[in-house]
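Colleague: Below is one structure. I have some questions about it.
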Amino acid sequence: MPSSSRSAKDFFAPLAVGAPAPVREVPARPSRAIHFFDPSNEKMAAKIPQMVGTVDVLLGNLEDAVKADNKLAAREGLVRIGRDTDGLGGPGGTTQLWTRINSLDSPWALDDLTTLVPAIGHRLDVIMVPKVQGAEDIHYVDRLLAQLEARAGLERPILVHAILETARGVANVEEICGASPRMQGLSLGPADLAADRRMKTTRVGGGHPGYLVRQDPPTSADGAADVGADRTTYQQDLWHYTIARMVDACAMHGIYPYYGPFGDIADVVACEDQFRNAFLLGCVGTWSLHPKQIAIANKVFSPSVEDIRHARRVVAAMGDGTGAVMLDGKMEDDASLKQCLVLVDLAEELAAIDPELKKQYDAIEEG
Ligand SMILES: CC(=O)SCCNC(=O)CCNC(=O)[C@H](O)C(C)(C)COP(=O)(O)OP(=O)(O)OC[C@H]1O[C@@H](n2cnc3c(N)ncnc32)[C@H](O)[C@@H]1OP(=O)(O)O
Ligand SMILES: CC(=O)C(=O)O
Ligand SMILES: [Mg+2]
């Protein structure tokens, strides 16, 4: 039952006369990297046509990281890119087109929506809404989009993605995910969330060396603890709790969780680690802020050849999918089969859009 003020009977009814019917199921389109660009930055914008086909999602960012003086230029730049770029966005697009609008309390959000939907609504796959606090923010966007879609004569609804970047948003995460059939997914917004929570970090995503646990002290023969001895410390993940909550809320509502930004562009190693943690916990993708993060995201959010080889062996060994078998000394049963099927299904979806990956998965030998 969706956590919405609408009754179950009305949940899938269009919110404006003439608006397209809401989707019953959010399409599982590969979105390993959501690549951010500033449409008001001419150098970046010029690179977009050649990036089509090299990344799953291109996102024209209108919010933070776009200078206040450039807000209008960014919106207009995105309209031009959406209109003129072959293969970008819409049902036939090889790369999805998303945007991040300005926050709903800003002077720009209303014009972002009323400009973009009539101009390039047929190309826009997903609108990312920042700083979502609760279901009321999604309800506002939901109704407005329905009105704009009806007026523009759009044939399919634009989906909505919320950034979780306030404490209230995290507290309301389940109701946000279930607020509308338009909800496509959630991203973590670690920078704004840290500020809102009064965390004492100054970074965009990633860990912190001060957030750690330390090995117990060695004890002497008389049982006294030597707290001054050298002891190994283990850095902990600041974002584990929030990502885990997001994953559960998204899974409960049939939508998709994503990591978010990793601001240390030079540290490609820690970036890969952070993305992998999110992948293992259940996220389907992440953000890319710089072209070099696209390859990292594509690698991490595609199951490895080794994982697919093992998953296929389990599927084959399990026959009709019930009971228990031994494989390489380990017990496999109905539940491990289900995990393997998650990987096998994902590999099929990715192979359908990524010929290089298809080649690698096709080359896996049976047995
Ligand atoms: C907390 C949040 O909200 S995160 C989301 C908001 N932030 C963003 O969207 C940031 C997007 N990324 C950027 O603005 C930039 O990548 C920066 C500021 C991080 C780094 O920019 P630069 O210092 O110019 O990077 P660098 O010099 O390595 O760029 C190399 C080339 O890639 C281009 N480039 C850099 N980032 C991008 C991008 N995101 N998309 C397309 N091209 C890009 C540059 O224009 C440059 O082109 P050139 O070779 O023709 O000169
Ligand atoms: C992603 C984002 O907007 C943030 O971290 O604040
Ligand atoms: Mg933010």
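Cβ coordinates are placed from backbone N, Cα and C, and glycine is handled just like the others.
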Colleague: Can you dig out which of the ranges 66-85, 206-225 TrEMBL describes as region 'Disordered'?
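Modeller: It is 206-225 that TrEMBL annotates as region 'Disordered'.
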Colleague: Which secondary structure state does DSSP assign to GLU165 (substrate binding site), in the simple three-class scheme?
Modeller: coil
Colleague: Can you tell me the CA-to-CA distance separating ARG100 (substrate binding site) and ASP192 (Mg(2+) binding site), as a whole number of Å?
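Modeller: For ARG100 (substrate binding site) versus ASP192 (Mg(2+) binding site), the Cα atoms are 15 Å apart.
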Colleague: Using a 10 angstroms cut-off on Cβ to Cβ distances, just flag whichever of GLU165, ASP192 is the loneliest among these binding-site residues.
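Modeller: Selected from the binding-site residues GLU165, ASP192 on minimum Cβ neighbours within 10 Å: ASP192.
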Colleague: So if I draw a 10 Å sphere around the Cβ of ARG100 (substrate binding site), how many other Cβ atoms end up inside it?
Modeller: 25
